[in-house]
Amino acid sequence: MQAADLGGGGVAGGAEGQGGPDVPGGQEGPGGGGAGEAGAAAGGAPPVERAPHAPGPGGDALRGLGGHALPGPGGHAAPWPGGHAAPGPGGHAAPGPGGHAGPWPGTHAASRLGGPVRPTATGPGSQLLQFSLTVSFPSPVEAEMAGQSLAPRVQPYQGAVQKELIVSGNILAIRLTAGDPGQLRISITSCLNQLSLLVQTMQHSVPLFFTKPRPGNRA
Amino acid sequence: MPAVLGFEGSANKIGVGVVRDGKVLANPRRTYVTPPGTGFLPGDTARHHRAVILDLLQEALMEAGLTSQDIDCIAYTKGPGMGAPLVSVAVVARTVAQLWNKPLLGVNHCIGHIEMGRLITGATSPTVLYVSGGNTQVIAYSERRYRIFGETIDIAVGNCLDRFARVLKISNDPSPGYNIEQMAKRGKKLVELPYTVKGMDVSFSGILSFIEDVAQRMLATGECTPEDLCFSLQETVFAMLVEITERAMAHCGSHEALIVGGVGCNMRLQEMMETMCQERGARLFATDERFCIDNGAMIAQAGWEMFRAGHRTPLSESGVTQRYRTDEVEVTWRD
């Protein structure tokens, strides 16, 4: 996660984050931006390169998810420090409220936004934490739009939180992976804020999409 | 006659503007104001922007008398600026561009200021003094780039003023710089402060450290008043800016100077620059607070120029960047 947006000189929560310690904001330094914004990420995870629009892996299509609202605090979020860590890659993805596995392993007919993702390097004894979220949209068009709106990140991204977006039908699946619970928490908040804003923008711009049921969509 | 909708939200101002063929059709804006003694944090600022941006969009379209179908391009601030606010605005811009099926353009914030300044004032090829809370640069156009001739080597002049305002707990409404300007008008005593010009560049962190250090002591002993300190700080930092601008004008053989950016609203700065320009036989251009301060129309205007020149920003490249140099952009819309 970027240690960015220093503003008045302290560390805020990163470009995607919600601010950090109580340090005055504002911009510093030539060219604007936070003075200390050097993309220094705690944990030293290697930067994740993103190639444009690589197709997703093959496997079973998504089933049984239909119509997930944004999960509440008791949903997919990774536990706070002191609780049980969610398994990292290679373990089971957190199941949805209907008990079905998320789209990640063996999903096909899905488009992965943001390109291929490299495994996050961790030190000995560390454990990756994950947050997974699936959101259903009225149609595949809106889901794809949502994915395209959320995929781009602050450039250059040198943080330690991996973000994966997969669109499958009318479902947008988001997964955040990090070794540091604090960074993951900030990234989750940022992601949910952006998602909320995106949905509001869609509703504001094309309200009928969200008020009328459309034929062929799952409830 | 392309019409461009521009989103700006790189700092504590959020604006949505509409420009068509050199005419500003709409330019509503909101400012996130924090209590005296505090600055604006990225997360809080982004939260403010998220809360008002859709209303501003509606307001802009209504003011312009246009619908989504009348808009030809969506422009947004790609950078530089604060990360969280930039990201929030970019999400809306991307979504609107897809929903309305319009091309998207990422605009450099600094170039937005310059292009709006050129449009409003009619300056042809000025030496630009760009001064704001986040940036302090002396810029001139040459061979397809806005070249940076001089700049701050640490903090922006507006940042210096804003942080001094916090020391004195000066109100941030409407802006700390404006309130410092009003207090400076009542100042009577010039307090000597460090004057730091390094060739074509300036430095403000030292003067800020100094004045933060001495302010409380001098005020406590009655050596000076807060108005005196405001006056002294302005006189010193503005003189530094005038010096480096004049140096750049001499280097370029320029007969025009243009002030842009929020600090450019300051009438004392304009007065000092005017004096320098008159002595050189040059002409000074400046705009008012509608276009000096960050606004959506400036992004729309820069986007209009870029759109006509054939620029487009694919969605996959529509991220934001907190550090985006003015001279990184190839200015293909000028000769």
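The backbone N, Cα and C atoms fix where each Cβ goes, and this holds for glycine too.
Annotation comment: TrEMBL describes B:H109, B:H113, B:Y130, B:D294 as divalent metal cation binding site. DSSP classifies B:D294 (divalent metal cation binding site) as coil under the three-state reduction.
If you take the C-beta of B:Y130 (divalent metal cation binding site) and look for same-chain residues 6 or more apart in sequence within under 8 angstroms, you find B:C110, B:H113, B:I114, B:T136, B:Q137, B:V138, B:I139, B:V260, B:G261, B:G264, B:T326. Under the heading substrate binding site, TrEMBL lists B:Y130, B:V131, B:S132, B:G133, B:G134, B:D162, B:G177, B:E181, B:N266.
According to TrEMBL, the domain 'Gcp-like' annotation covers B:29-300.
In this set, none of the binding-site residues among B:H113, B:Y130, B:N266, B:D294 has a C-beta falling under 8 Å from a C-beta of chain A. Of all residue pairs in B:Y130, B:V131, B:S132, B:G133, B:G134, B:D162, B:G177, B:E181, B:N266, the annotated binders of substrate, the farthest apart have Cα atoms separated by 18 Å.
Sequence-distant neighbours of B:G134 (substrate binding site) (same chain, 6+ apart, CB under 8 A from its CB) are B:S10, B:A11, B:P80, B:G81, B:A156, B:G158, B:N159. When the Cα atoms are compared, B:H109 (divalent metal cation binding site) and B:G177 (substrate binding site) turn out to be 20 Å apart. Annotation: B:S132 are the binding-site residues among B:S132, B:G177, B:N266 whose CA atoms are within 10 angstroms of the CA of B:D294 (divalent metal cation binding site). Annotated divalent metal cation site B:H109, B:H113, B:Y130, B:D294; additional same-chain residues within 8 Å of its Cβ mean position, judged by their own Cβ, are B:C110, B:G112, B:I114, B:S132, B:N135, B:V260, B:G261, B:G262, B:M298.
Within the model, the domain 'Gcp-like' (B:29-300) carries an average pLDDT of 97.
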